[in-house]
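Visitor: I grabbed these lines from TrEMBL:
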- 20-41: transmembrane segment (TRANSMEM)
- 53-73: transmembrane segment (TRANSMEM)
- 85-107: transmembrane segment (TRANSMEM)
- 119-137: transmembrane segment (TRANSMEM)
- 157-176: transmembrane segment (TRANSMEM)
- 292-312: transmembrane segment (TRANSMEM)
- 324-344: transmembrane segment (TRANSMEM)
- 356-379: transmembrane segment (TRANSMEM)
- 391-412: transmembrane segment (TRANSMEM)
- 424-445: transmembrane segment (TRANSMEM)
Amino acid sequence: MNRYLAEFYKNDMKSNSEDLLSAILPLLKLLSLTVIGLFLAHPKTQIIPRATFKLLSKLVFALFLPCLIFTELGESITIDSIARWWFIPVNVLISTFVGCLLGLLVVIICRPPPEYKRFTIVMTAFGNTGNLCLAIVGSVCHTSNSPFGPHCHSRGVAYVSFAQWVAVILVYTLVYHMMEPPLQFYEVLEERTEIEEQRPVNDISRPLLIEAEWPGIEEKETEHSKTPFIARIFNSISSRSTSTFPDIDINGDTSGSSPMSIRCLAEPRVVRKIRIVAEQTPIQHILQPPTIASLLAIIVGTVPQLKSYVFGYDAPLSFITDSLQIVAGAMVPSVMLILGGMLAEGPNDSKLGLRTTIGIIVARLLVLPLLGIGIVTLAGKLDLLVADDAMYRFVLLLQYTTPSAILLGAIASLRSYAVREASALLFWQHLFALFSLSVYVVVYFKLLPAM
């Protein structure tokens, strides 16, 4: 009996150590790539200049990532799979909503400066559901004893890519307007950033994180992108404030003799304000190369005739997809090298406060993943998830685990609001995420068989 128990204990310990090793090794690979990037970009070594990292980020954005999304999502997706994967984009919305609630809690407990209350909520709510998730999935599936079964990488990339369109829409609509400079603090913020805004368009000193996921952001600035545009409209602003918007007649007044018939036909003020806000929403920026690649992959993948021409060993255009797959192989190492280059720049000075910074990091990287485990487990019990697919659940859990999206730094720069605070917070979040992700990936590997 004792011999049997000893053998059982030995086998159990061996199984646990193998599970732990299979969870940690992929993250060690990513950590190694990040350290290499940090070493290459560190100011003391400066083996590779910052301009090279910015060029690499543009290649990731315009070439490597679209190639990866198209080849993996296009081959995996079908009309039936779209119906089965519906919870993936819904989970992005749920994680964002829960993150907003946590952000409100951070505001109540940590009491950040009044001008950074919305910034605190945004940085807690919106996570990196794109590049970092793809890097983790690629590394996890690169091990010989991966627990996710056959076609691990293709399924994982397809799941992550399928969620990206929701995240992109949220960033270019909700986040864009939430990151608007607060009206009551606009004059103060304007004075503080007046000198910084005089930088040339292609200024090499612009932080890498600002362009890491949105190269060419300086070309996207509009007349009102750096002003509290919505607040001025909806607060019935004074004539002095409205003078900066001469092309917009908020009151809908018609000069001269206005007959009652024209006034009745005039657009209601609330409707007019909403229309003006919609016109100022940069929805056109949604059609970026990764989003276009996702749309093309969905179109090609759901039309069997097109799919047979593009994907498969005997497909007439298989040589093109093979070439795209070779290019896509550079995505994961490039993303981690860029992350290392970002960390090498170090944190900027921040007026957010130490207590609020710690509060956001704890809420985003420690509390939200715990809530995510509960939400995904509940969804599984309600039969809302794909049955017997561990990778599907793993991707859902990752959406709660990653640090704030690097794209938020680009939006902060575009709106000229909390740029230094976003840079500093993203630095500390990604630094701490190297450890929190390692812990939670091990936890997920233990929980997935039972979920």
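From the backbone N, Cα and C atoms, a Cβ is placed for every residue, glycine too.
Give me the lay of the land around each of these features.
Guide: With a cut-off of 8 Å between Cβ atoms, the residues of this chain six or more beyond the transmembrane segment (119-137) that come close are 26-27, 30, 60, 65, 68, 92, 95-97, 99-100, 102-104, 106-107, 110, 112, 153, 156-157, 160-161, 163-164, 167, 170-171, 175, 178-179, 213, 290, 331-332, 335-336, 339, 352, 356, 359-360, 363-364, 368, 391, 394-395, 398-406, 408, 412, 417-418, 421-422, 425, 437, 441.
Residues 68-69, 72-73, 75-77, 81, 85, 88-89, 91-93, 96, 122, 126, 129-130, 133-134, 137-138, 281-283, 285-286, 288, 290-291, 294-295, 297, 391-392, 395, 398-399, 405, 407-408, 411, 414-415 of the same chain lie 6+ residues outside the transmembrane segment (157-176) yet bring a C-beta within less than 8 angstroms of a C-beta in it.
With a cut-off of 8 Å between Cβ atoms, the residues of this chain six or more beyond the transmembrane segment (292-312) that come close are 65-67, 69-70, 73-79, 82, 161-162, 164-165, 318, 320-321.
Remote same-chain residues near the transmembrane segment (324-344) are listed as 30, 33-43, 48, 50, 53, 56-57, 59-60, 63-65, 67-68, 70-72, 131-132, 134-135, 138-139, 207-209, 212, 406, 426-427, 430-431 (criterion: CB distance under 8 Å, separation of at least six residues from the stretch ends).
Non-local neighbours of the transmembrane segment (356-379) in the same chain are 87, 91, 94-95, 98-99, 102-103, 105-106, 109-112, 116, 120, 123-124, 127, 350, 385, 393, 396-397, 399-401, 403-404, 424-425, 428-429, 432-433, 436, 440, 443, 447, 451; each lies 6+ residues outside the stretch with a CB under 8 Å from one of its CB atoms.
Residues 85, 87-88, 91-92, 95, 98, 119, 122-124, 126-133, 136-137, 140, 148-149, 152, 155-156, 159-160, 163, 167, 171, 175-176, 179, 207, 209-214, 217, 342, 360, 364-365, 368-369, 371-373, 375-376, 379-380, 385, 418-419, 421-423, 425-426, 429-430, 432-433, 436-437, 440-441, 444, 448, 451 of the same chain lie 6+ residues outside the transmembrane segment (391-412) yet bring a C-beta within less than 8 angstroms of a C-beta in it.
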Visitor: If we skip the immediate neighbours and take only residues 6+ beyond the ends of the transmembrane segment (20-41), which ones have a Cβ under 8 Å from one of its Cβ atoms?
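Guide: The answer is 47-48, 50, 53, 135-136, 139-140, 142-143, 145-147, 332-333, 336-341, 343-345, 434, 437-438, 441-442, 444-445.
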Visitor: Within the same chain, where does the transmembrane segment (424-445) have neighbours whose Cβ lies under 8 angstroms from its own Cβ atoms, ignoring anything closer than 6 residues to its ends? I mean 6 or more beyond.
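Guide: Counting only partners 6 or more residues beyond its ends, the transmembrane segment (424-445) has Cβ contacts under 8 Å with 19-20, 22-24, 26-27, 31, 34, 123, 136, 140, 147, 209, 339, 342-343, 345-350, 352, 357, 360-361, 364-366, 369, 373, 394, 397, 401-404, 406, 408-409.
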